[in-house]
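J.: Take a look at this one; I'll ask things after.
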Amino acid sequence: MRLSKKPMSMPVRGKGNGDHHFDNVDHALSLFNKMIENYPKPSIVEFNKLFGAIVKMKHYAIVVSKYRHIELLGVSHDVYSMSILINCFCQLGRIDFGFSVLGKMLKLGVEPDVVTYNTFVDAHCKEGMVSEAEDIVDAMIKRGIEPDVVTYSALINGHCLQNEMDKARRVFNLMIEKGCAPDIVTYSTMINGYCKGERLDKAMELFHEISRKGPFPDTVTYNILMQSMCQLGEVSTACKLFRKRLASGQIPDIATCLILLDGLCKTGHIKEALKLFQAMQNIGLELDIVPYTILIDGLCKAGHIEFAKELFHQLSNNGLKPNVVTYCVMINRLCKEGLPDEAYRLFGSMGDNDCLPNSRCYNVMIRGFLRNSYISKAKQLLMEMVGKGFSADIITAQYL
């Protein structure tokens, strides 16, 4: 597989210009403190930009707190600020507080817009309350606000989450009838719903449709399909889709490559997995411990223990440290290869990499001892494990 270095274009719904971008929330809060010290105070528009950035970092409670702060300073809300506040309450699981803000909006004469209603629709759908979400859509239509692509996509997602694909398809068809064109988020939501229901045929129908006429598939779309294909054992089909993406000039991201690497390793296609891993290195993808662990696990399961050990020992050369999962993979395979002493040495060296054994590691090592008839060592390690607050899992208990 040959990967180009051409940058990938990714459509993102709702991405606007002039927004604030911060490395962390402390930088955002520093700007907030400067803003409230100004006189006259900045307009609500400026605060909305700041809080929108904090919302993107998922610090919803902070936004709620800071909105209350600017209220006390006399900064007046507008429809956008109140919609942001409603969204924060919904994200925090307090839809009831969100409705309280809606009531306040109406009392102040601030007319909720489609964004406000969409926030409630989306929150209800994600909580499995699709019927209530549909009631909200009816209410917004009565107030003269037409559903948009976000509204319909939220309803579709709600039905998909409930595995109600027929209902999702009806909403999908309805939005087209109403002249509301589905975007790539809508299509990806439908495709994901079909994939979750193991209807890969239906998912591919939609994929071929957008490949022909748009909106063209993005990274999310490809990843959804490839993940489903790998889970259903159709790794060769996933590879074909991967090549199709390369042919379109898009360079896959690390998530796409990990999906395929994992699928290849789990189905024993080690040569292909090694080629993909090499390609990932060649194009300069920043590889952390995850792809190494996937490949080490694949090599172990395919019986290539020496190659796995070699790759494991190369980690430090690449500036990486094995994590608990990496250690468990190696310890488990060494024990299965009849090398419990080597496995135990590796187990004992975990602290050297600032990685302490967890319950899973203890259980794997104990099972390895028992499998190799190291009964005394197994009992000793079991006592040590219990002393650390861990317990034998179901599989280990069967050996005892």
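Backbone N, Cα and C define each Cβ position, glycine as well.
Sharing the record's features from TrEMBL:
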| type | residues | note |
| --- | --- | --- |
| REPEAT | 78-112 | repeat 'PPR' |
| REPEAT | 113-147 | repeat 'PPR' |
| REPEAT | 148-182 | repeat 'PPR' |
| REPEAT | 183-217 | repeat 'PPR' |
| REPEAT | 218-252 | repeat 'PPR' |
| REPEAT | 253-287 | repeat 'PPR' |
| REPEAT | 288-322 | repeat 'PPR' |
| REPEAT | 323-357 | repeat 'PPR' |
| REPEAT | 358-392 | repeat 'PPR' |
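For the listed features, I'd like the structural context: burial, neighbours, distances.
T.: Note: the repeat 'PPR' (78-112) comprises 26 helix, 0 strand, 9 coil (DSSP; helix = H, G, I, strand = E, B).
Within its own chain, the repeat 'PPR' (113-147) is flanked in space by residues 79-80, 82-83, 86-87, 90-91, 95, 98-99, 102, 105, 154-155, 157-159, 161-162, 164, 167, 175, 178, 180, which lie at least six positions past its ends and keep a Cβ under 8 Å from the stretch.
Taking Cβ pairs closer than 8 Å, the repeat 'PPR' (148-182) reaches residues 13, 114-115, 117-118, 121-122, 124-126, 128, 130, 133-134, 137, 140, 189-190, 192-194, 196-197, 199, 202, 215 in its own chain, all 6 or more past its ends.
Across the repeat 'PPR' (183-217), the prediction's mean pLDDT works out to 96.
Across the range of the repeat 'PPR' (288-322), the DSSP-based residue counts are 26 helix, 0 strand, 9 coil.
Counted with DSSP, the repeat 'PPR' (323-357) comes out as 26 helix, 0 strand, 9 coil.
Long-range contacts of the repeat 'PPR' (358-392) within the same chain: residues 324, 327-328, 331-332, 334-336, 338, 340, 343-344, 347, 350, 399-400, each at least 6 residues beyond the stretch ends and with a Cβ under 8 Å from a Cβ of the stretch.
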J.: Quick test of the contact rule: Cβ under 8 Å, at least six residues beyond the ends. What residues does that give for the repeat 'PPR' (323-357)?
T.: 289, 292-293, 296-297, 300-301, 305, 308-309, 312, 315, 364-365, 367-369, 371-372, 374, 377
J.: Per DSSP, what is the residue count of the repeat 'PPR' (113-147) in each of helix, strand and coil?
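T.: Per-class counts: 26 helix, 0 strand, 9 coil.
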J.: When secondary structure is assigned with DSSP, how many helix, strand and coil residues does the repeat 'PPR' (253-287) contain?
T.: 26 helix, 0 strand, 9 coil
J.: Would you mind listing the long-range same-chain contacts of the repeat 'PPR' (183-217), meaning Cβ under 8 Å and 6+ residues beyond its ends?
T.: 11, 13, 149, 152-153, 156-157, 159-160, 163, 165, 168-169, 172, 175, 224-225, 227-229, 232, 234
